[in-house]
Amino acid sequence: MLKVSALLCVCAAAWCSQTLAAAAAVAVAGGRSDGGNFLDEKQWLTTISQYDKEVGQWNKFRDEVEDDYFRTWNPGKPFDQALDPAKDPCLKTKCSRHKVCITQDAQTALCISHRRLTHSMKEVGGSHKQWRGLPSSTCKPCPIAYASPVCGSDGHSYSSQCKLEYQACVLGKQISIKCEGRCPCPSDKSMNIGRNVKRACSDLEFREVANRLRDWFKALHESGSQNKKTKALLRPERSRFDTSILPICKDSLGWMFNRLDTNYDLLLDQSELGSIYLDKNEQCTKAFFNSCDTYKDSLISNNEWCYCFQRQQDPPCHTELSNIQKRQGIKKLLGQYIPLCDEDGYYKPTQCHGSVGQCWCVDRYGNEVVGSRINGVADCAIDFEISGDFASGDFREWTDDEGEEDDIMNDKDDIEDDDEDEGDDDDDGDVHDGYI
């Protein structure tokens, strides 16, 4: 009896082993416990990164869904081979460095950022993750067509109007077309200038270029602040450009400089400046950046960057007076510091605050000369131009080591540094031809 029982146990064990082996073979052959959803497997999530390769560099200022967000395989392949449902379209798709390829269906490959992919997963128990679906499932995808780039109101370039509308749908915000072509939008005058016609640019045209670039940087800065949470910069603190020492660079200009300065040396070389797209028709844009390079060393320092834009602003003293009048309205506030302007709208060398009885010396752009503030009338016989006018060939070199903020600041509150926002989308920029 015991022998019969033992024999039955051995047979039962063998039958169970064969059954499990057969079930495993069926599963390997194509049977799936997840209902066919390949994204439910953790193994897939670790292997899709093999498609995350890109030849060359990626423009850091492009949106995640724009510029061929829906990628396709090589159109030179035979038609029947390209549409073979047995082949993974991601095998023939190259995504940017910070994106991965996923298969939307048998014929559509989709490049999506790591961040969006992570946000589309939710924890279900332990370490198992369940796919919730693409964030753009309700947004209409764009057909494959020739690129017709447009510049969006968020400061980003899109390969077509459809890509712009798709981006707006994915992000759930309003994005309109600012102009045809890539950002920044050219002026009306530059559209009528031939490609091969060389001419000198006027001061007015330089000012228009600076204003357009400043508006573009502001749109990028605000767009980045709205889309991402602020994160601390992973860079040496002493290598960062302290924008508080130069008020003109405390906002978007300083933010853009830190974005472009990828090696943190406080100098922009040709490869770093190449991240800014230049319209071939806008000859004055190239000339503008050439004018910023005071030392003619093919490098733009943080000082040169800030003062180059500062020179192209409206007369600073008149601008400050207008701002004061707008803030206080009809009533004049007691104790308010009122700057003294010359006939051209720039600051006079001697500035005084009658309420506190102090005077100090400034350059024509209103930057205070360190150590010149005294009680009483200051001796500012020299026309200071060192910090704003590089034409003099001399200027004061600011460094991050100098903690002279209390002496530099006027009778105003301290200016707080803007939060830097260089999160997950700090991709490598496309390298264009240098223009210096």
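Even glycines carry a Cβ here, placed using N, Cα and C.
Feature annotation from Swiss-Prot assigns signal peptide to 1-22; the stated evidence is sequence analysis.
Under the heading disulfide bond, Swiss-Prot lists C90-C101 (among others), citing similarity to another entry as support. Within 10 Å of the Cβ of C90 (disulfide bond) there are 20 other Cβ atoms, across all protein chains.
Note on C95 (disulfide bond): other Cβ atoms within 10 Å of its Cβ, all shown chains, come to 25. Look at Swiss-Prot and you will find C95-C111 (among others) tagged as disulfide bond.
Residues or ranges marked as domain 'Kazal-like' in Swiss-Prot (evidence: sequence analysis): 133-185. As a whole-number mean, the pLDDT of the domain 'Kazal-like' (133-185) in this prediction is 80.
Mapped onto three states, the DSSP output places C169 (disulfide bond) in helix. Counting every protein chain shown, the Cβ of C169 (disulfide bond) has 16 other Cβ atoms within 10 Å. Sequence annotations record features per position, and here Swiss-Prot assigns disulfide bond to C139-C169 (among others).
Under the heading disulfide bond, Swiss-Prot lists C142-C162 (among others), citing similarity to another entry as support. DSSP assigns C162 (disulfide bond) to a helix in the three-state reduction. For C162 (disulfide bond), the count of additional Cβ atoms within 10 Å of its Cβ stands at 17 [all protein chains shown].
What Swiss-Prot records for C151-C183 (among others) is disulfide bond, and it gives similarity to another entry as the kind of evidence.
Per DSSP, the secondary structure of the domain 'Thyroglobulin type-1' (314-380) breaks down as 13 helix, 14 strand, 40 coil. The feature domain 'Thyroglobulin type-1' is assigned by Swiss-Prot to 314-380.
The disulfide bond annotation in Swiss-Prot covers C317-C341 (among others), and the record cites similarity to another entry as its basis. Other Cβ atoms within 10 Å of the Cβ of C341 (disulfide bond) number 19 in total over all chains.
For C352-C359 (among others), the entry in Swiss-Prot reads disulfide bond.
Per Swiss-Prot, the feature disulfide bond maps to C361-C380 (among others); the stated evidence is similarity to another entry. For C380 (disulfide bond), other Cβ atoms within 10 Å of its Cβ number 17.
The O-linked glycosylation site feature in Swiss-Prot is assigned to S387 (among others); the stated evidence is sequence analysis.
Annotation comment: Swiss-Prot describes S392 (among others) as O-linked glycosylation site.
Feature annotation from Swiss-Prot assigns region 'Disordered' to 393-436.
Among the features that Swiss-Prot reports, compositional bias 'Acidic residues' is placed at 399-430.
Reduced to three states, the DSSP call for C95 (disulfide bond) is coil. Counting every protein chain shown, 20 other Cβ atoms lie within 10 Å of the Cβ of C142 (disulfide bond). The distance from the Cα of C317 (disulfide bond) to the Cα of C162 (disulfide bond) comes to 45 Å. Reported as a whole number, the C-alpha separation between C352 (disulfide bond) and C361 (disulfide bond) equals 9 Å. With respect to their backbone Cα atoms, C139 (disulfide bond) and C90 (disulfide bond) stand 21 Å from each other.
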